[in-house]
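Undergrad: The following block contains the structure, expressed as structure tokens.
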Amino acid sequence: MAWSLLWQITPYLRNAAVTQTANEFTKARRASLIAAIFMMATSAIGPGFLTQTATFTATLGAAFAFGILASILIDFVVQLNVWRIVTLTRMRAADLANTAIPGSGYLLAVLVIFGGLVFSLGNIAGAGLGLNALTGLDPRWGGALSALIAIAIFSSHRAGIAMDRIMMVLGTLKVGLILFAAFASHPPLGEALRQTVLPDLIDFAAITTIVGGTVGGYITYAGAHRLLDRGTVGVENIDVVSRAALTGILVTGIVRYVLFLAILGVVASGVVIDVSGKGANPAAQAFTAAAGNFGLIMFGLVLWAAGISSVIGASYTSMSFITVFSKHITERGRNLATVGFILITVVVYVMWGKPPAALLVFAGGFNGLILPLGLSIFMYVGWRRSDMMDGYHYPRWLLVLGVLTCLLSWYMAFMSVGPIFAFINAA
């Protein structure tokens, strides 16, 4: 009797198990996609982008609208290709590069790690500017204190989980604050829209800096590597990965343009923003002008938290590239390397003494210069190495867009290298 009953209910149990497994798989995949999108979005609208946008809007005015549009279009092509190819090959960027062109992965790793050091310098500077807006503390010492807090958070598993949740709340607050500032500053929409497509001036250094600050260096690979860690890989996941990449680009693109409008409204009203002084904090000045002391305090909190999380993200992702030099590096070894990386960055930041705002702009510019190398390798894999993608035939239209974007990024890097280094030398 018991066997008979078991025989009758087994199909139902089996179906329930399959349904539960399918539901768990769907939830896990959705969680990995949301995590990747959020990582991409928070990285793309961090301290660097806030300061870079304020700086270039103050100097270029409405003409910077074209730079924002160009950066969004370039981001679209870069992220879509990188996410898809990492998903299809099931390899991290440096391993993928070494497999495609032996030795190139080591060069890519060195450049990304060095670019990550520059990014971390900028992010520590951003955290320092945030504390300066909150408390008036000198940005240099505020940055050093923030870096030590970042190490403590990174070293504590519980603190890291709490930080993830806090950053989701502060990320929402950041978007809300940007929207409020955009409405409060009354930007000249007609002029901004005209110069989005017909600019009076095209500044390649500004575009390279903005692109570098949003998809340069480690940011190019952060979201894709997150998908890899979560197991969202293979041809079977390519459609959902593509949709996730597009969603992330669309969200960050809209927020970036709204941020530009918020600062443009302040500049157009006649407020003069200091972009070159030792204690210059361009974005904080813009938010204060648009939303008063409340805006300054909220902006300081958001910038400080974003700076700390970006220091951790930039350092950890940069150090993830050291595994290409030795497969025997353990998770503990990588974590220790991350702490050491942050400490080295703090020492360089305090000793170098460059203005924080200048460091944030330079970080984007430098990482924009190294973007073309990684993109070139990925385009080669897309065109010539279908064997690395399980025989998948990569869409030709996406490859053509990728190659054109790659050529453009090389051209912009060539045109911008002088102005970018001149900027940091003059600071």
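A Cβ is built for glycine as well, from the same backbone N, Cα and C atoms used for every other residue.
Note that the structure is a prediction, hence the values are computed from the model and not measured.
Dumping what TrEMBL says about this protein:
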- 31-50: transmembrane segment (TRANSMEM)
- 56-78: transmembrane segment (TRANSMEM)
- 99-121: transmembrane segment (TRANSMEM)
- 141-159: transmembrane segment (TRANSMEM)
- 166-184: transmembrane segment (TRANSMEM)
- 204-224: transmembrane segment (TRANSMEM)
- 245-273: transmembrane segment (TRANSMEM)
- 293-314: transmembrane segment (TRANSMEM)
- 335-352: transmembrane segment (TRANSMEM)
- 358-381: transmembrane segment (TRANSMEM)
- 397-424: transmembrane segment (TRANSMEM)
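Tell me what's around each of these sites.
TA: Long-range contacts of the transmembrane segment (56-78) within its own chain (CB-CB distance under 8 A, at least 6 residues past either end) are made by residues 44, 188, 191-197, 199-203, 206-207, 209-211, 214-215, 220, 246, 249, 252-253, 256-257, 260, 263-264, 267-268, 273, 275, 282, 286, 371, 375, 398, 401-402, 404-405, 408-409.
Away from its own ends, the transmembrane segment (99-121) comes close to residues 48, 89, 91, 93, 216-219, 221, 310-311, 314-315, 317-319, 321-322, 324-325, 341-342, 344-345, 348-349, 352, 359, 362-363, 366-367, 370, 373-374, 377, 380-381, 385, 388 of its chain (Cβ-Cβ under 8 Å, at least six residues beyond either end).
Packing against the transmembrane segment (141-159) from elsewhere in the chain are residues 124-125, 127-132, 135, 304, 307-308, 311-312, 315-316, 335, 338-339, 342-343, 345-346, 349-350, 356: each is 6 or more residues past its ends and has a CB under 8 Å from a CB in it.
Using a Cβ-Cβ cut-off under 8 Å and counting only residues 6 or more beyond its ends in the same chain, the transmembrane segment (204-224) has close neighbours at 36-37, 39-40, 43-44, 46, 48-49, 52-53, 56, 60, 64, 67-68, 70-71, 74-75, 78-79, 82-83, 86-87, 92-93, 112, 115-116, 118-119, 245, 248, 252, 256, 313-314, 317-318, 321, 361, 363-371, 374-375, 409, 412-413, 415-416, 419-420, 423.
Tertiary neighbourhood of the transmembrane segment (293-314): same-chain residues 39, 42-43, 46-48, 50, 116, 119-120, 123-135, 143, 146-147, 149-150, 153-154, 160, 163, 166-167, 170, 173-174, 177, 180-181, 217-218, 222, 283-284, 287, 338, 342, 345, selected by CB-CB distance under 8 Å and a gap of 6+ residues from either end.
Within the chain carrying the transmembrane segment (335-352), a Cβ under 8 angstroms from the stretch's Cβ atoms is held by residues 116-117, 120-121, 124-125, 140, 143-144, 147-148, 150-151, 154-155, 311-312, 315-316, 318-319, 322, 329, 359, all 6 or more beyond its ends.
Long-range contacts of the transmembrane segment (358-381) within the same chain: residues 47-49, 51-52, 55, 78, 81-82, 85, 89, 93, 96-97, 100-101, 104, 107-108, 111-112, 115, 118-119, 121-123, 125-126, 129, 205, 208-217, 219-221, 276, 280, 349, 388-389, 399, 402-403, 405-406, 409-410, 412-413, 416-417, 420, 423-424, 427, each at least 6 residues beyond the stretch ends and with a Cβ under 8 Å from a Cβ of the stretch.
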Undergrad: Against which stretches of its own chain does the transmembrane segment (166-184) lie, if we need a Cβ under 8 Å and a gap of at least six residues from its ends?
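TA: Distal contacts: 38, 41-42, 45, 255, 258-259, 261-263, 265, 286-287, 290-291, 295, 298-299, 301-302, 305-306, 309.
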